[in-house]
């Protein structure tokens, strides 16, 4: 099938965000084309999903495919932040509840989503990279004279080249973020979360929680020196993904002091700093069977996640340290809001200016909530046994994890799933943890700023929060609009219509 010369919507990128957006749009009968640079199936990291994935998949009729595929079922996750007992976030609070998620091999799960976009009616092409985007002045647009994207040039792996015109553009191009980095130039890095990641795949690892109700769930453990954390994620191909996320500056210092000479040796040396996970790697049975992979893990965000006739989705706009497995959630939730806002604009539910701003604000809110909880967890990890997330004298973090549960499980971003007050409480709690109020203005029992960890990083944390405050809003209602999630009528509606 030849790549068409014109489409109503062009989606750049066939990962979870792009494929989800394309599926939702195509199911509305909207002419949608997806151009993906890689050839599917392709490798990707980010293998643990959160509870919100289920309602998102159900909305595009993809949930049953995932249920029946054979991925490792994820009923929750355990987090060890210091020497206190680990916290556990339970996806299944009621017996028999259909709220579990999965650990996935991304080459397989992403391929399912990419193929589903085609089944839904989108025209999908892999091995085709978008090389440039053309913009033009839109005389009908009064939004600060922002130019409108109208066409894209592409090059296929087989050497073919061409261009495609479109009415709307969804940029789901991953960390490359072609529109954010090349045209809007609005990406900002968060130096406080400037990390590096290294990981590999093991066979024969002992499951976490053997003989307990949480047996086999993913486990995330802080390194003893507070320099980072380790993930332990069992997969259905009989391997366990084990990765180390470490502050880049501290990682560089450690390498200079280390006597190891290879990335594999440094990975194994660093892994020893996670004592709980190390105990799951019995040297007589557990074997590292892959090469060590590496990636920069720098968190970033954008000042806006779109412009007239443009929507930015997933890693193309923002990325957060993956401690709470937020990547796929932010991608698919952004993919849905891109589809909702484009459908609304096409159907005349609201002006295009209101539609793109609704999408952009929603992405900023979802990113902001996850950023706050990740900052809080990072602060606790670096603080060691000093209380940050919990109160002085408290054992464990159960109370804190119950408060932030709507955010770390993603359900705060599923319309109608969580009371607004619960989301507000999670955000307020996380804000107070990251940047405590002055003495006498916070609840007693929580550690004060003067006693908190990372005093040398307070300026950097403040910079991150100031950047967040410019975009974050406490409500997901923007421009007086909210999503209308009805197949055949996807779009936006006035809050007064609810």
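Including glycine, each Cβ sits where the backbone N, Cα and C put it.
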Item to check | Candidate from 230, 245, 328 that Swiss-Prot assigns to the same FAD site as 14, 17, 47 | outcome: 328
Checklist entry - What is the one among the binding-site residues 14, 17, 327 whose Cβ has the most other Cβ atoms less than or equal to 10 Å away? => result 17
Checklist outcome for this item: Residues near residue 326 (chloride binding site) by Cβ (under 8 Å) yet at least 6 apart in sequence within the same chain, in sequence order, are 50, 320, 370, 374, 410
Next on the checklist: Under 8 Å between C-beta atoms and at least six apart in sequence, can you list the same-chain neighbours of residue 47 (FAD binding site), or say none if there are none?
Outcome noted: 103, 104, 105, 106, 233, 235, 241
